[in-house]
Every structure is written in structure tokens, then in C-alpha cells.
Amino acid sequence: MSDNKPLVGIIMGSSSDWDVMKNAVDMLKQFGVPYEAQVISAHRMPDEMYAYAKSARARGLRAIIAGAGGAAHLPGMVAAMTIVPVLGVPVPSKYLRGEDSLLSIVQMPKGVPVSTFAIGEAGAANAGLTAVAIIATTDDALAAKLEEFRVSQTAAAKAMVLPV
Ligand code: RP5
């Protein structure tokens with residue numbers, strides 16, 4: 001990770017997705033994984049989506065985190081055009097609270113997978129952690145950091161005190 005070229009691409013359908021998707025960015029920052037983040041809308045920027053997906057592997061991306069809300073076709077469309085693993089984050093929507101986003105992303109037909117996460121912040125954070133884990137498969141120093149992260153979470157849980 002010395003040359004700081006992005007290893008993870010984070011894309012989202014709108015700037016309105018940022019409050020959720022920044023949780024993925026925060027994880028990558030925390031682990032020092034180089035990333036890029038931008039708006040790529042499947043239905044409003046189809047040409048840019050195509051170019052992004054088609055160039056992702058050659059540009060060195062090892063994972064793509066794609067967040068979208070509503071009829072959330074961005075992760076599936078990107079996955080259709082690259083073999084870079086796509087991690088889909090359902091963003092909460094105004095009327096159906098993200099259940100529409102979740103079902104749109106998770107129900108990929110056999111053959112083109114999108115790894116689908118929980119709706120909202122937890123899903124974005126876990127997509128970030130999964131991207132870290134993907135990079136860590138070939139980076140021992142990063143794997144050690146991920147182990148430490150788990151150990152510290154365990155310690156924090158053990159230290160929890162209930163107000164009883
Ligand atoms: C989707 O439509 C985006 O991912 C976003 O979640 C949703 C609403 O977009 P805006 O109308 O806020 O731009 O494409």
C-alpha cells in the first residue's frame with residue numbers, strides 16, 4: 001500500500017447517500033486502506049457507470065463498495081461488468097425505509113453475485129470491513145490490524161456494565 005493507489009472504490013447513486021456511505025469510508029481510513037469515493041448513478045450516469053466498472057480491475061481496484069437506495073440497480077449493474085468483488089449497501093429510502101433497496105440489491109440472479117449488507121450505517125461499515133478483509137488476504141500487516149480490531153471489540157463488550 002506504499003504508492004497510495006486506490007484499492008477500494010466506493011460509489012453511490014447520490015450525494016444524499018453520503019451520510020450512510022461515509023461509514024464505509026471511515027473504516028477504510030481507520031485501517032489505512034487507500035480508497036476513492038464518488039457519485040456514480042446507474043440511471044443518471046449510465047455511461048460513467050459503464051466506464052467505471054469496465055476500468056476497475058485494470059486500475060487496481062480489489063473491491064467495489066456500491067451503495068444505492070430505492071430501485072438500487074447500481075451494485076448489480078457494476079457487478080455485471082467486472083469480476084472485481086462488488087459489496088452492495090442498501091441505503092434507506094424515503095418511503096420504504098430501504099427494504100426496497102435491500103431487495104433490489106440482494107436478489108441477484110445466479111451467476112453475477114453482489115455481496116449484500118445490512119440496510120444503512122451498519123451495512124456500510126461492514127462493507128468497509130469486508131473490503132479490508134479482502135485486501136488483508138494478501139497483506140499480513142493489515143490482517144494483524146484486523147485481528148487487533150476484533151480483540152478490542154471483544155474487550156469493549158466484556159467491559160460493558162448494565163445499569164442494574
Ligand atoms: C438513488 O436514489 C440514490 O442512490 C439515492 O439513494 C436515491 C435518491 O437520490 P436523490 O434523489 O437523493 O439524488 O439513485
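Cβ atoms here come from the backbone N, Cα and C positions, even for glycine.
Per TrEMBL, the feature domain 'PurE' maps to 6-157. Averaged across the domain 'PurE' (6-157), pLDDT for the predicted model comes to 98.
ASP17 (substrate binding site) counts 24 other C-beta atoms within 10 Å of its own C-beta, drawing on all protein chains shown. Among the features that TrEMBL reports, substrate binding site is placed at SER14, ASP17, ARG44.
Residues SER14, ASP17, ARG44 make up the record's substrate site, and a Cβ search at 8 Å around their centroid adds MET12, GLY13, SER15, SER16, VAL39, SER41, ALA68, GLY69 from the same chain.
Cβ-based neighbour count (10 Å, all protein chains) for SER14 (substrate binding site) stands at 17.
Residues from the binding-site residues list (SER14, ASP17, ARG44) with a C-beta closer than 6 Å to any atom of ligand 1: SER14, ASP17.
Using a 10 Å radius centred on the Cβ of ARG44 (substrate binding site) and all shown protein chains, the other Cβ atoms total 11. Among SER14, ASP17, ARG44, the residues given in the record as binding substrate, the maximal Cα to Cα distance rounds to 15 Å.
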